[in-house]
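These come from TrEMBL:
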TRANSMEM  B:17-34  transmembrane segment
TRANSMEM  B:54-82  transmembrane segment
DOMAIN    B:61-179  domain 'ABC3 transporter permease C-terminal'
TRANSMEM  B:103-127  transmembrane segment
TRANSMEM  B:147-176  transmembrane segment
TRANSMEM  B:197-218  transmembrane segment
TRANSMEM  B:224-252  transmembrane segment
TRANSMEM  B:284-306  transmembrane segment
TRANSMEM  B:501-524  transmembrane segment
TRANSMEM  B:555-582  transmembrane segment
TRANSMEM  B:588-605  transmembrane segment
Amino acid sequence: MTKPVVNVANAQKVFGKKSENQFKALDNVSFTIEEGEFVGIMGPSGAGKTTLLNVVSTLDKATSGKIEIAGQDITDMKQNELADFRSEQLGFIFQDFNLLENLTVYENIALPLSLQGVSSRKIKPLVIEVAEKLGIKSVLQKYPVTISGGQKQRAAAARALVHEPAIILADEPTGALDSKNAHSLMRTMEQLNQFHDVSIMLVTHDPLSASYCERILFIQDGNLYKEIKKTGDKQHFHQQILNVLAELTSIHSL
Amino acid sequence: MLVKLLSSSMKKMWKDYLVLLFGLTISIAIFYMFETLAQNQAFLEANALISSIVFVFHVGTFILALVTIFYIFYATSFILSLRQKELGMYMTLGAKKGKVTQMMFLETLIIGIFSLIIGLVFGVGLSEGIARLLMSRLDFSGEGFEAFYPSSLVTTILFYFVLFLLTAIVNAIRVARKSVLELLHADQKADTKTIKGWKTFLGTLIAIVLITVGYVAMINMGDLAHLGVLIAAATVTPGTYFFFMAMLPFLIKRIKAIRSINEKGLNSFTYAQLNFRVSQLTKVLGTVTMLIALGLGAMTAGLSFYHNTEIHSSLMHGYDIKVHQPTEDELAEMKNWELEERNLYSYRVTDDGVYFSKHDLQANPPVIKEIGGNLEELSKEVRLTDDLTAPVYTDEETDDAESIPEQWQTALRTELMANFYLFGDRTLYILDQEKFEEINASTQTVLIGKVDNFTDYTDTLAKIDERHHQLAIDYTGEDPTMIGSKYESYTSLKSLANGTIFMGLFLGVAFLMMMASVLMFKLLSSATADIERYQMLRKIGVRQAKLKISIYKELFLVFLFPGLIGLVHVLIGMEMFSFILIEPYTKLWIPISLFLVIYGLYYWLTVKMYQRIVLPKD
Ligand SMILES: Nc1ncnc2c1ncn2[C@@H]1O[C@H](COP(=O)(O)OP(=O)(O)O)[C@@H](O)[C@H]1O
Ligand SMILES: [Mg+2]
């Protein structure tokens, strides 16, 4: 746990053109995520969580600042380099599942490998391995509409994992799940992190989901507000999180 | 309340509704356009080279109606796909099923009637515009053609009204049969039905049998006549749809099943795009194929009639050029022509006779055309022999002289143009040198010749014919209605063919326009769903270039199959005309390469447009 997998320095993101009224969604945010860490990003709605994740995930460009992932500076990369970088180094899980509904679960999971030119002979064992890990082996031949929300999110996780990216980025992955499925998905992510050394950056506004993380960054109006580390057990961490959120809302209501 | 909701949501999705209206409007306009010709019997009969043209148009109406039914059912199912989620939402809010069903029914019907009104206005305008354009291009007066034709209007209204009523009922039934949840989640539903092996086999078998029967009927059109046209229409059309229903899903499935292909790059996605709504796709592709076949067929047939006028006019005339009493200027001009054969014959004209020198005729015996029993044998060219032994021959019934042998009569009357138009009722004679010199008149000459490319010289030949008319006035005292030259029969055949060409091009343009609009509709109606998919792929790191290639590939297959099968239909279909056209395949490459270029361009344009819709600008 020494090499940083994500290194964000003074990241700014301003929406709107110069001439129009501009909106600063990120204001000088700096932080690092070490290899193998499970970091949560929390904050009230509109705080800039998704913006931060998009900037880190190269889907959006920071207005200024420097962002390194797996030792590579992504701020100056071209569109094509970014696309290649995403397909090799990053894994995504979004709130609304983001599975291609015209592909079977198997094809969805296999897609990142196909895109990297992995031969179909090698693809199958890899897909099956990751599907087993996530407990969705039985639905591999089904289409996304025919499986449950929890299974969909696991399939999305499997797709994010299958090509062994440097980090998995998840934006509200439990947002559309009931609490049972949400717990089960978070437990799986925790296991991936603990037993398979997968680095994870998780955006969530759900304290229960967040309590699975090792460290949490709170952001507020585009600024880093506070950082807490898990010291005790999950219950304790959950309480800590709730306390910080209470602080945040009280500031807001002032 | 529901009506209010309905109109407000229609406003929200106006773009999608615009796409739908566009698709329906074009279909209605084209159907009407076709009917302006099909129901104008007087115009058809006056202007077509095909005797049973009215019948052919009846069959055309039948095919077009069939194709339209498939298309309209496909297009109106788009309304359902646009609205069902919302309808499901109303039901969760407490709207009754009956009410929602009624809404769907009314909406489909209203959209139908609305597009019917626009479509008819558009159709009248389009008929007028295209007809005008073609008439001026073809130098064709087109008398009797009416862009606003009431009976066609009535037919179109009736046909579409019934069709929209039916589709409204179908849409309503579909809504009624679905549960709230099914409605809510309908937009994600794939119809990648697992088609049973035996069904594919049966479908393919039916397709092959139907198309084969149709082809055989078309090839034997000469014997089957009307029955053949009916058989071909009733087999090839459903056969084509069967082909796409059975073969296409099967083919894509097969390709997808080959893992080394499917799991290469973006292929799994590209084929999934084709596979996903395969039943809609089969309707589109079947319709497009038939429209290509009809459009390209109409154009090719029209142009084929045009190119056959040259061949037709050669049927009667052994020589391309026939000049009585050529002037110095004409002789000088003709020196530059590459004549394959050039014969000069002397003759003298008196008040009651035209006398040819046997000597000249025997020195260079001309050829004549002998018409075979049917068109397939064409006419044979026969070179006459110098078997004229008697001193005097005449075409008058007399005991004094032998009568001119039949072949020689043809030679003189047709090839040497010693005919009634030019010389009136003068008697024809062939005299030996001695008798010829005794005739008290000056010696004239007639020049006949063959050229390689007859149509290159039409300008000069027109002038020569004008002089022939003057000559006829001098000899007979009146201007004849015709003169009997090859140029003359060429121009009159061509003006006759113009009517047929007009119809061919008019319909060709109409059908190909509808084909383009059907493809466009397919594209635009699936674009909204595709935007999300391409976004997703971009997020997980697919290069823009790869996405572009995937679009090229997907649309290539969408364009390839209808283009290919449509083309085969046309190639075989042209056989139908072999009983009225001498060489139906003459210059076939012209309309076909024209089509390929336009189709290819349209493909490219479609790809570009689609890429603009679903991919962000780089
Ligand atoms: N493309 C955009 N253009 C303008 N403003 C945006 C854009 N995306 C997000 N914002 C604004 O930036 C702020 C942060 O948004 P976001 O990062 O989505 O918040 P959240 O923390 O809820 O994920 C919000 O106020 C939002 O309105
Ligand atoms: Mg967000």
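Here the Cβ of each residue, glycine as well, is placed from N, Cα and C on the backbone.
Predicted automatically and left uncurated, TrEMBL annotations should be read as such.
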- Message: Do any residues, 6 or more residues outside the transmembrane segment (B:224-252), come within under 8 Å Cβ-to-Cβ of it, and if so which ones?
- Response: 52, 55-56, 59, 62-63, 66-67, 70, 193, 195, 199-204, 206-211, 213-215, 217-218, 271, 274-275, 278-279, 281-283, 285-286, 289-290, 293, 561, 565, 569, 573, 576
- Query: By a Cβ-Cβ criterion of under 8 Å, what residues six or more beyond either terminus of the transmembrane segment (B:555-582) are in contact with it?
  - Reply: 49-50, 215, 218-219, 221-222, 228-229, 232, 236, 240, 243-244, 248, 274, 281, 284-285, 288-293, 296-297, 300-301, 304-305, 308, 311-312, 315, 375-376, 378, 519, 522-523, 588, 592, 595-596, 599, 603, 606-607, 610
- Task: Across the whole of the domain 'ABC3 transporter permease C-terminal' (B:61-179), what does the mean pLDDT come to? Round it, please.
- Result: 89
- When each of B:54-82, B:147-176, B:197-218, B:284-306, B:588-605 is checked against the transmembrane segment (B:501-524) for Cβ pairs under 8 Å, which one has the most? B:284-306
- Message: How about long-range neighbours of the transmembrane segment (B:147-176): same chain, 6 or more residues beyond its ends, C-beta under 8 Å?
- Response: 28, 31-32, 35-36, 38-40, 65, 68-69, 72-73, 76-77, 79-80, 84, 87, 97, 100-102, 104-106, 108-109, 112-113, 116, 119-120, 123-125, 127-128, 131, 183
- Item | Surrounding residues of the transmembrane segment (B:197-218) on its own chain - C-beta under 8 Å, 6+ positions past either end | 224, 227-228, 231-233, 235-236, 238-240, 242-243, 245-247, 249-250, 572-573, 575-576
- Grouping DSSP H, G, I as helix and E, B as strand, the residues of the domain 'ABC3 transporter permease C-terminal' (B:61-179) number 102 helix, 0 strand, 17 coil
